Amino acid sequence: MSGLGIMVLTLLLLVFMETSHQDAGEKQAMQRDAINVRRRRSITRRVSEACEESCEEEEKHCCHENNGVYTCLRYCWG
């Protein structure tokens, strides 16, 4: 094989190795971003201002409101 052929094959091998390395880095970044999105997701509760004020006096959060009865807790689950 001529010297030019060996140089071309070497160049192709180097390009292939570099693009494979970049693809792996992009895949890791996408996985990391997906994990961060899952962690940021939260539940937004919609309750009346009266419920918020009532629970605020007890230094708690209004988690649920049903027919004027307020459920005030330190942490709202689910």
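One-based numbering along the chain as shown.
Cβ atoms here come from the backbone N, Cα and C positions, even for glycine.
Between C72 and the candidates C51, C55, Swiss-Prot annotates a single disulfide bond, the one to C55. All protein chains shown were included, and the count of other CB atoms within 10 Å of the CB of C76 (disulfide bond) stands at 15.
The recorded positions shown are C55, C76, W77; of these, the one with its CA atom nearest the CA of C63 (disulfide bond) is C76. Ranked by CA distance from C51 (disulfide bond), the recorded positions C62, C72, C76, W77 have C62 at the top as the closest.
Checked against C55 (disulfide bond), the recorded positions C62, C76, W77 differ in C-alpha distance, with C62 being the nearest.
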